[in-house]
Amino acid sequence: MRKPVIAGNWKMYKTLAEAKDFVEQLKEKQVDSNKIETVICAPALFLNSLVQVAKDSFISIGAQTMHEEKEGAFTGEVSGNQLQDLGVQYVVIGHSERRQYFNETDESVNKKVKAAFENNLTPIICVGETLEQREQNETESIVSTQVMAALEGLSEENVKNSIIAYEPIWAIGTGKTATADDANDVCQAIRETVLDGFGEEVSSSVRIQYGGSVKPENIEELLSKEHIDGALVGGASLQVDSFVKLLEAGQNA
Ligand SMILES: O=C(CO)COP(=O)(O)O
């Protein structure tokens, strides 16, 4: 049985005071960490404070990206070593916005995933197709290629402990969601890709999230599908009320 994981990706939203207030409020809610894993991926600036606020609660803190090197002359970057040192536990890698605006490639994603594991961080590896690619019926081949590239050279144990987020680019922040069946089909294709590369035990353990306009109204149906083990959520993770509704749906899935 795979435990669902709901991760909020706050992107470049909130001030520090708002971020702390959110986590203070969230931690008072009744959420059973045996049934659901809860992650907040916040701007790097807030991570130190949020780790403190979330201490001894069901909430884990994640970063939204990291550099693959441990240290060095990389102005403006943050390393996995630095994240681990703060008590950060997860890191989003290869989000489509990073691929689109910050030149991340399948190759750099692979390096970052390896660096994440070297620093005891759980990577949330993002893959997904553009609308054009979907219209050309290329979704499964694009996504499988991204998955294999991201996982290349990883041990079975590390692949098992990875989280893969399927986020169709056309569904991000647009209000358009893939139908639950379509999302499930692509998540199944991802699991089959992992099966081919790493075998049955790994593929049945790895968790695969859906992301792209997830909200309280559609989460239950998405999570009812066999291959969808959680959600990576932008807009609906910014308000405590809507985020809690997602967690409740996850607990009951
Ligand atoms: O990019 C996303 C999460 O990483 C999805 O964002 P939205 O939930 O706002 O569509």
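Placement of Cβ uses the backbone N, Cα and C atoms for every residue, glycine included.
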The substrate site in TrEMBL lists N9, W10, K11, G173, G234, G235. Which one of S33, S155, S162, S213 belongs there according to the record?
S213
Counting across all protein chains shown, how many other Cβ atoms sit within 10 Å of the Cβ of E167 (active site, proton acceptor)?
28
Same chain, not part of N9, W10, K11, G173, S213, G234, G235: whose C-beta falls within 8 angstroms of the C-beta centre of the substrate site? Give them in sequence order.
I172, V233, A236, S237, L238
Fewest other Cβ atoms within 10 Å: which of the recorded positions K11, H95 wins that one? Let me know.
K11
Binding-site residues (N9, S213), the one with most neighbouring Cβ atoms at 10 Å:
N9
Just checking a number: largest C-alpha distance across N9, W10, K11, G173, S213, G234, G235 for the substrate site, rounded to a whole Å.
14
